[in-house]
Amino acid sequence: MAEGVFPGAIGIDLGTTYSCVATYENSVEIIANEQGNRVTPSFVAFTPEERLIGDAAKNQAALNPKNTVFDAKRLIGRRFDEESVQSDMKTWPFKVIDSNGAPLIEVEYLGETKTFSPQEISSMVLTKMKEIAEAKIGKKVEKAVVTVPAYFNDAQRQATKDAGAIAGLNVLRIINEPTAAAIAYGVGAGNSEKERHVLIFDLGGGTFDVSLLHIAGGVYTVKSTSGNTHLGGQDFDTNLLEHFKTEFKKKTGADISGDARALRRLRTAAERAKRTLSSVAQTTVEVDSLFDGEDFEATITRARFEDINAALFKSTLEPVEQVLKDAKISKSQIDEVVLVGGSTRIPKVQKLLSDFFDGKQLEKSINPDEAVAYGAAVQGAILTGQSTSDETKDLLLLDVAPLSLGVGMAGDVFGVVVPRNTTVPTIKRRTFTTVADHQTTVTFPVYQGERVNCKENTLLGEFDLKGVPPMPAGEPVLEAIFEVDANGILKVTAVEKSTGKSANITISNAIGRLSSEEIEQMVNQAEEFKAADEAFAKKHEARQRLESYISSVQQTVTDPVLSAKIKRNAKAKVEAALADAFSTLQIEDASADDLRKAEVGLKRAVTKAMSTR
């Protein structure tokens, strides 16, 4: 890689199933990986010898299911006991354990049992995307804009930012996926000047967002957002997988539920069938020797696939209704409905959406897999002063807080301070008081959600305001100040008005939240893993070179014409050097250096032995 640092910031769409990276140098470019693919699987695999990320990891998933990790985005920023985590664990072949309420992934790597946080797994995918960009740009990349689902809460946003830090990236901004896609639609298709209401329908591999934006004169104002951080293509695959499992059991009597390898092979076939059914009405699924020597073969029609997923498909309209209601806009006022995310290729999803908007033609001018990374790269260029076109130079993004933020009050009642769909960044204040006489300490539990009962919302953290003057209940004036930054991340301060005493929290004590020391430790660990990966690659290369050279020398020694060129009395020396090289090759943990020395030794013997007659 050439020296120097890339002055801009890359845009990374960190997806549940696939990730995508883009850069801006006079214009946006989506960067292909070493396989030539413009999207890279969000998979990390661990083996006794090495760590694999991306296509290489996904390709070996069936052979190594327990140590191939995916869906980290469905774990990041969540608690171990969350319903969605418990339900996903039933379908994942890898092991998830409870560490003080936070989920950790347990794998076998380099012959040891190791645990990784979802942030670390995500950081490995981010590192891969960074390396893909560096290979193309030829410079070191230090800055990035990373996208998250609009409906991600504070904990999930902060955890994603931490993943970027572990990957050695300065994450300039966390932006919402549908908003990034709106930029791609506006800038990429030249639609940013004309005034319009645009609904972004973003259904990906694991998450679903709907955002309603007003675009005019290069200003993108998010009016409302809604979604489901646990709905996407993976869920459609799971339903199809369950259907195929039942079919197989009917035909053979065998239940493959406990066989991780068979399940991975069948899931891959289900995913392929789902994609095929977007363009044809029927397809055949075949998996040779799926279980106990029994082959699997089944025909699936598009109608059956739609039937299997009918409830999930229908549920995608609920957030659409919600954003219209929140923005107080009727569906007839929507100028464009823009499709984003691979799962919007499903014809039934398109039909339901078009029918909801009374037969409206859906906007498909942007690539659903690449739009989010495209928008993130534009935002990266703006934040680093690298944007050159008039269209991007004056672009202004006004996003919103997806969920209400507030404080738990007496009786577990949620006191909202920042209502959902408030434009961010923002500062909001609300006054509270004491509930007991002579109370000198007040605890502020901070929640995010839409329910009146705090227990049904997400607890982000809590802090104490001490030194409140002892007064009768209800007399002290306590002001809670909520600051939400452009990343959607919250800082809360509480002030007692008569004394000016204050306490604050940037919610670092929430379950699973990493301290700066832990992040630093993980950064160092990531460097070690990278060094181990590089050492393994060098060893592999040296082994291949030695094998190839041994083979050519063996050919020379046994070929009557070629062996005639060897000096008299030298053949025995060549054979001895050949035996030495071969025995080095047999040593399993021989280092790259040992293998290189063996190759050099053999070359020296052969050079000396070749006759110059």
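Just so you know, glycine gets a Cβ as well, placed from its N, Cα and C.
Feature annotations, reproduced from Swiss-Prot:
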BINDING   16-18, LYS73, 205-207, 271-278, GLY342  ATP binding site
REGION    392-402  region 'Inter-domain linker'
REGION    516-612  region 'Lid domain (SBDalpha)'
MOTIF     574-582  motif 'Nuclear export signal'
Spatial neighbours, same chain, of ARG272 (ATP binding site) - Cβ under 8 Å, 6+ residues apart: VAL285
Helix, strand or coil at ARG272 (ATP binding site) [DSSP, three-state]: helix
Same chain, 6+ residues apart, C-beta under 8 Å of the C-beta of GLY205 (ATP binding site), given in sequence order: GLY15, THR16, THR17, TYR18, GLY232, GLY233, GLN234, GLY341, GLY342, SER343
For the motif 'Nuclear export signal' (574-582), distant same-chain residues with Cβ under 8 A (at least six beyond the ends): 546, 549-550, 553-554, 557, 566, 598-599, 601-602, 604-606, 609
Distal contacts, the region 'Inter-domain linker' (392-402) - CB-CB under 8 A, six or more residues away: 24, 150-153, 175-176, 179, 183, 186-187, 192, 217-227, 378-379, 381-382, 418, 420-424, 426, 484, 486, 488
Neighbour-count leader, CB within 10 A, binding-site residues: THR16, THR207, THR276, SER278: THR207
DSSP-assigned states of the motif 'Nuclear export signal' (574-582) in counts, ordered helix, strand, coil: 9 helix, 0 strand, 0 coil
DSSP-derived class (H/G/I helix, E/B strand, else coil) of THR16 (ATP binding site): coil
The region 'Inter-domain linker' (392-402), counted residue by residue under DSSP: helix, strand, coil: 2 helix, 5 strand, 4 coil
Helix, strand and coil totals (DSSP H, G, I; E, B; other) for the region 'Lid domain (SBDalpha)' (516-612): 81 helix, 2 strand, 14 coil
Cβ neighbour count (within 10 Å, all chains shown) around TYR18 (ATP binding site): 22
Packing count at LYS274 (ATP binding site) (other Cβ atoms within 10 Å of its Cβ): 23
Local confidence of the region 'Inter-domain linker' (392-402) - pLDDT mean: 86
